[in-house]
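What follows is one structure encoded as structure tokens, with my remarks underneath.
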Amino acid sequence: MIMSTIFALCTPWGKSGVAVIRVSGKDAAKAFLHFGISSSIKPRTATFAHLYNSKGEIIDEVIIVYFVAPSSFTGEDVVEFHTHGSLAVIKMILAELGKIFVPAGPGEFSLRAFLNNKVDLTRAEAIVDLINSETEMQAKQAIRQMSGALEKLYQSWRQQLIDILSNIEAYIDFPEEVNSAALANIGYLLNNLQESLECHLNDDRKGERLRQGIYIAIVGEPNSGKSTLFNHLAKRDIAIVSEYAGTTRDTLEAHIDVAGYPIVIIDTAGIRDSADLIEQEGIRRAKLKAENADFKIVMLPYEKRNVFNNEIMNLIDEKSICVLSKADNITEHELISIFNFSFVPISVCCNRGIEILLNLIKQRVEKDFQFCSTHPFITSERQRLHIQNTLNIVKNMDLELPMEIVAEDLRLSVRELGKVVGVISDEDILDNVFGKFCIGK
């Protein structure tokens, strides 16, 4: 495949101390001559230089890093210009590069890295996840995937299928020369692989949830302090807070970081019997959010601690954290037992109990989303689809059928696993993966 030499700004557009402009392709070194750099640039060494435009006017003083293929991110010759982050300077350099090279499209540098076998598709997805990560745990998950945790797992499964397929094809072609014990073991091997695939898929979508955010709905009766707590955790005034019950009608969301985990807290309408049609819709949405959330904070006002609210108490289950709100006069930090449920007393206005609540959230999240070194999480719907397809094929294999049919099923399963890592890559799959990147990556 013949590809043009491409260029793009790799750092965010805007004023900054330093900007990085990348060039990749077989003609990348021609940029030196174009910018009037007469001295030789040593590969993999930071070199100070002046850049000149086509009129011989100086553009900027820069640091140049030159990577010779295949020892670069893309596997091609790569030149990086580390310039001052002036918009004027960036525009002038990009304009000069545009005279001899082609602007890169979104994700095109990473696409070339994939095409040149520098990364597989799971690592490519991890790159964009790392760029988009906002919390420590999101970044750690992406880095684990970039290090090849998923690739190694999927390649090992794929190799197992290839080994089985090889034995069957050998039997088809040379039945008298194949050890019958090798064929007798196929059912056992496929059963083991099926169990591994099922275990991998039955992960409660932890990787995807960690990537997108862990949802926690705040629910309770009207005026129980839900919006006040929501604003306090979000550290800004998002929800309207008033003394009038039923102020919150719709759900509101805010992203926060709890011990490195990405949490999406949801403020909801107060749950009660209401004749107001709009409030009824808000209550319906509140219950739906509570049902679909990963966890929920169920709030009960301190002054109503002895009043059994059947509708609120019915919301409490194993994924609930119970909070006794407006406990302004409580100085102890111990949990309080109410109707056989343990409540943590908090006072937002006095800033009491909030750290205990956050620690409870941390404990719940850590328990459910703890990394496992031997079983990395699936992190995208694309991966899940192909793993599920592989499982379906393996599960439905009938070893009583002619070996030619079994061999074809094995080829299909090998192909599905190949699509996960990109060994077999349809164009629409590549467009879907790399189209999510920004220009310059």
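Keep in mind that glycine also has a Cβ here, set from the backbone N, Cα and C atoms.
Keep in mind that this is a model prediction, so the values were computed, not measured.
Features reported for this protein in Swiss-Prot:
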type: BINDING; residues: Arg22, Glu80, Lys118, Lys441; note: (6S)-5-formyl-5,6,7,8-tetrahydrofolate binding site
type: BINDING; residues: 223-228, 242-248, 267-270; note: GTP binding site
type: BINDING; residues: Ser227, Thr248; note: Mg(2+) binding site
type: DOMAIN; residues: 213-366; note: domain 'TrmE-type G'
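Projection of Swiss-Prot feature records onto the structure.
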{"residue": "Arg22", "record": "(6S)-5-formyl-5,6,7,8-tetrahydrofolate binding site", "CB count, 10 Å": "25"}
{"residue": "Glu80", "record": "(6S)-5-formyl-5,6,7,8-tetrahydrofolate binding site", "CB count, 10 Å": "21"}
{"residue": "Lys118", "record": "(6S)-5-formyl-5,6,7,8-tetrahydrofolate binding site", "CB count, 10 Å": "18"}
{"residue": "Asn223", "record": "GTP binding site", "CB count, 10 Å": "22"}
{"residue": "Lys226", "record": "GTP binding site", "CB count, 10 Å": "28"}
{"residue": "Ser227", "record": "Mg(2+) binding site", "CB count, 10 Å": "23"}
{"residue": "Ala269", "record": "GTP binding site", "CB count, 10 Å": "27"}
- As a whole number of Å, the Cα atom of Asn223 (GTP binding site) is distant from the Cα atom of Arg22 ((6S)-5-formyl-5,6,7,8-tetrahydrofolate binding site) by 55
- Item | Secondary structure of Glu80 ((6S)-5-formyl-5,6,7,8-tetrahydrofolate binding site) (DSSP, helix/strand/coil) | strand
- Item | Between Lys226 (GTP binding site) and Arg22 ((6S)-5-formyl-5,6,7,8-tetrahydrofolate binding site), the C-alpha gap once rounded to whole angstrom | 49
